[in-house]
Amino acid sequence: MSAPVHIRAVSKSFEGAKRQTTRILDGVSLTAPAGQITTILGESGCGKTTLLRIVAGLETATSGGIHIGEREVTSVHPSRRGVAMVFQNYGLYPAKTVAKNIEFPLKMAGVAPAERRTRGLAAATLLHIDHVMDRMPAQLSGGQRQRVGIARALARDPEILLMDEPLSNLDAQLRIEMRAELVAMQRRIGSTMLYVTHDQTEAMTMSDRVVVMRGGHIEQQGTPEEVFQVPATTYVAAFLGNMNLAPAPASETGAGAGTTLGVRPEHFLPADHSVPQEGDLCIEGAIEYAELLGTDRILHVRAGDTLWRARVDAALPLHERITVRARAANVHRFDAESGVRLAV
Amino acid sequence: MSTLRSRLTPHLLLAPATICLVVFVAAPLVIVLVLAFFNLNLVTGTSSFVGLANFTTEIPHPEFARALRNTLLYAVFTIGPSMVGGLLVALLIHGLRRGQGFWRSLYFLPVATTLVAMSAVWRWMFRADTGVVDTVLGPLLGIHDWLSDPNLALAAITVVGNWHQIGLVAILYLAALGTLPQDQYDSAALDGAGGWNRFWHVTWPALGPTTIFVFIMTAGSALQAYDVIAAMTQGGPLGSTETLTFAIWNRGVHYFDIGRAAVLSLALLVLSVAVTAIQRTGYARRLESGGTR
């Protein structure tokens, strides 16, 4: 049971001190397809959490609307939208046991005690916390607490699952495990998931669709592959995968003035170990710094005013200077002023 | 030498606190306990051991039962209403969009004033026939001259006690309300909890430690209520507002009967210990730990 979420031209402004209005969201429109994971990715302050809270009904939009399936829910109470939410800080009830936390939405919905117990236990079993049902939240680890938060969200069989940075408070190893587990869980229950994160790895690994937000508007949306391989703006290029961005050198053919070139560090090839092809971008410069990452090494190459990062094999012998090349297909071109991708 | 020194150091560091505890808590307690078994003549300065005589004369005396009953009545009718009233006031003020500071100050004013002076004002308000209370409530309730009526005097004292206490309770609850975790309210909204359920499942458990603290505070001042009574009724009429504290003062200072005053003090002590014990029982314990995240 799932439905798509349509966010239509949602704007949100806050009236701050001295009657100054701060615009948090500026005409955001997107669709989260039914039964898929849509990730809203952005830095803190870009409005992604506010957008999610508007979908949940915890905030009201200044203008625009939310539709779940065919239903317009813009002014429907949070509990009647068929959405459930998982919070970064878990949002558990500290005075209730795990079982009572999970069953609470069912209790509020007037579900009979026996059925509450069965459904609560089913949700807990799905998240492997059925052995801690009688404990209090304070007696659980962070990972277990977030599992309780997710189980509580699942207990109601929501059409839409909203996740607000659910893994941010967990330690690195647990985050990697939970990532895979969350995807597997979503595939099993098949509900539509809107997932807010600032972590590009989470966005890349978990999503069916990625929406990159910046300063209250959508910078780009698409599949993870699209967004990574064909970034629409310099911001997306830098945020996902940390692309090198530099003004096009005068020697570079085919690029007019006011063009920014973008090359991913891993797309640079050492010139000595590759065959030159037509249209290659060649960079010759001094190695300022080298970071060893294990099998690879990131070289910081100074060429003129620009510092390029090139990811090369750690076995490559290092000299003071190096020449690297990037194939024409791997060189992205953006308008220097607007940062928008230029059509080739 | 060094071992002796290392053994002494902690005791030396604890000494200031220990001395204070002994001088101001333990010693008076022991003195009261001892005095209860003696007949002390303040004029001649002589004293004689009388065994349980002070207990056997004081406890069956009507004064004892009356003082105990008045203390309990006063406690029940100030602790409960001032806690409920203070919580309601705090919730109302907390819900205001503007003017919080004004209402907070207004309700806190009684706490900041001198209770004896305010009791004088209240006595004037409760004055027979011409006082505000009689002119306003008299025609409505058909009762008048509260302070001279043995059935109403304690009620009048209780009104003043509540008036004084509610502001303090409200301030304490307001401070706690300001620190409540927002994320639980978000969960509650999504889980479909309405106004009452939000209060009962989120606000009330989170206020637990404050509730216990407020209970101890209000119970302490209710059991020791003295200034309102001294300023308004002097324990009268017919001893109907004489609480244990006032009886202690009456016995000890008025009649110079230190032995029987000591017995009354011990009764008050037992009552205080009983109240403290409530705080350690089931529900209070759960309330106290309710706010732990």
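The first residue you see is number 1, and the count goes up from there.
Cβ atoms are placed via backbone N, Cα and C, with glycine included.
No curator has checked TrEMBL annotations; they are predicted automatically.
According to TrEMBL, the features are:
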{"type": "TRANSMEM", "residues": "B:12-38", "note": "transmembrane segment"}
{"type": "DOMAIN", "residues": "B:68-279", "note": "domain 'ABC transmembrane type-1'"}
{"type": "TRANSMEM", "residues": "B:72-93", "note": "transmembrane segment"}
{"type": "TRANSMEM", "residues": "B:105-125", "note": "transmembrane segment"}
{"type": "TRANSMEM", "residues": "B:152-175", "note": "transmembrane segment"}
{"type": "TRANSMEM", "residues": "B:206-226", "note": "transmembrane segment"}
{"type": "TRANSMEM", "residues": "B:258-278", "note": "transmembrane segment"}
Message: Are there residues at least six beyond either end of the transmembrane segment (B:105-125) with Cβ under 8 Å to its Cβ atoms? List them, or say none.
response: 89, 93, 131-133, 147, 156, 159-160, 163-164, 166-168, 170-171, 227-228, 230-232
- prompt: What parts of the chain pack near the transmembrane segment (B:152-175), using Cβ distances under 8 Å and only residues at least 6 beyond its ends?
  reply: 70, 73-74, 77-78, 81-83, 85-87, 89-91, 93-94, 104, 107-111, 115, 118-119, 122, 126, 133, 143, 145-146, 207, 210, 213-214, 217-218, 221-222, 225, 228-229, 232-233, 236-237, 240-241
- request: Sort out the residues at least 6 away from either end of the transmembrane segment (B:72-93), same chain, that have Cβ-Cβ distances under 8 Å to it, and list them.
  value: 100, 103-104, 107, 154-155, 157-158, 161-162, 165-174, 177, 199, 203, 207, 211, 214-215, 218-219, 222-223, 225, 243
